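Below is one structure; the comments refer to it alone.
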Amino acid sequence: MFQTLYSYFWWERLWLPANLTWADLEDRDGRVYAKASDLYITLPLAFLFLVVRHLFETYVATPLAGLLNVKEKVRLKATPNAVLEKFYAATTKHPKQADVEMLSKKSGCTVRQVERWFRRRRNQDRPSLLKKFREASWRFTFYLIAFIAGMAVIVDKPWFYDLREVWKGYPIQSMLPSQYWYYMIELSFYWSLLFSIASDVKRKDFKEQIIHHVATIILISFSWFANYIRAGTLIMALHDSSDYLLESAKMFNYAGWRNTCNNIFIVFAAVFIITRLVILPFWIMHCTVFYPLDLYPAFFGYYFFNFMMVVLQSLHIFWAYLIIRMAQKFITGKVVEDERSDREETDNSEEEEEAAKNGPLSNGHPILNNNHRKTD
C-alpha cells in the first residue's frame, strides 16, 4: 500500500508538464538537477540551527542586550492561592465577572483582589523582555545574512532583470551550487522556526505564523523538486528584504530607543508594502501564473504552486493591515508597538485607590500594622 501511495505521489503528470518525465531531470552531460532527496539534509540542518541559535542567544544576544540597556519591567507576583491557581490552570486565564465573584467567595479574597491576582498571574506568564530581544536578535541576524546571500545568488542572473528568463528552457534548467545552498539554508531555517514555535514568544497571530511556516516549507520543497528554482530564489530574496528591518525595529523597541524604532519601522512598512503588495503579486505572481502557459498547458503542479502563493499573499494582506494600523498610531504621535503582542497589564491605579482605603499593600493584600500601642 505504501508503495502504491508513493507511486501516486510521484506520478509525473502531477508535478511535471506534459511529455516530460523524471528521467529528463537526471544528471547528464555535466548538468546537475535538483532532486527531492536533496531535501533530507534540511532536517538535521534545522536541529543544527536550533543549537546555533541557543549559542547565539547566550553568547551574543544576551551581552548585546546588556550593552543596549534592555531592562525588565518590575512585575509584582501573584500571591500563592490554590483556589485561584487551579481555576487559572484548568479553566481560563480571563475569568468573567460571575467567575470572579464565585472565586471571591471560595478563596476568601475580595472581588478586586481576585481581579488583581489574575492580572499579575497573567503577567507572570508573559515572556520577558530579554527573551523577546534575544529572539528578535537571532531572526534579525539570519534575515540580514540571508538577504545579502540571496541577492548575491540572483543579482547577476538574467532572470533577475527579465522575468521571462525564469521559464526559458523549463524544466531543463541545471542547478547551480549557490542555488543549492541558498535553498537548503532557507528551508532548514523555516523548519527550525516550526520546531521552536511552541517555545517562542506567542503572539496574537500564532495560528497565522504556523500557516505561514508550513506554506513556506511546502513552497520551497515543491519549487525545489519541480525545478521552480529560479522563481523560488526570487521569492525568498523578496521576503527577506523586509524581515530584517522588522526584527531590528523590535530590538530597538525593547531597548527603549523609541525614535530609532519608529524610523526603522516606517522604512520597514514602506519596503513590506512595496515588496509584498506590489512586486510579489504584480510581478512575481504574474510571472508564475501567465508566463508558464506560453510554454506548456497547465498541470496540477502549476495550480498547486500558485495556490500556495495565494495563501502566502493572503497572509501578507493580513499583516499589511496590522502594519497600517501601527503606522496610523505613529502618524498620530502614539508609540509604535507590535500589534500582535499581548500588552502588559497594570494595576497601579487600583493599588493606589486600595491603599487610600486600607493603607499600604503588600503584593495585593493590606499590610497589617502590628505596632499598635496596647491599652491598659
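Glycine is no exception: its Cβ is also placed from the backbone N, Cα and C atoms.
Because TrEMBL annotations are produced automatically, they should be read as predictions rather than curated entries.
Here's what TrEMBL has on this protein:
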type	residues	note
TRANSMEM	39-56	transmembrane segment
DOMAIN	67-128	domain 'Homeobox'
DNA_BIND	69-129	DNA-binding region
DOMAIN	131-332	domain 'TLC'
TRANSMEM	140-160	transmembrane segment
TRANSMEM	210-229	transmembrane segment
TRANSMEM	264-284	transmembrane segment
TRANSMEM	304-324	transmembrane segment
REGION	337-376	region 'Disordered'
COMPBIAS	344-354	compositional bias 'Acidic residues'
By DSSP assignment, list the helix, strand and coil residue numbers for the domain 'Homeobox' (67-128), in that order.
36 helix, 0 strand, 26 coil
Local confidence of the DNA-binding region (69-129) - pLDDT mean:
83
Give the one range among 39-56, 140-160, 264-284 whose Cβ atoms make the most pairs under 8 Å with those of the transmembrane segment (210-229).
39-56
Chain residues in Cβ proximity to the transmembrane segment (264-284) (below 8 Å; excluding those fewer than six residues from its ends, i.e. six or more beyond):
163, 231, 234-235, 238-239, 241-242, 245-246, 248-249, 252, 313, 316-317, 319-320, 323-324, 326-327, 330, 336
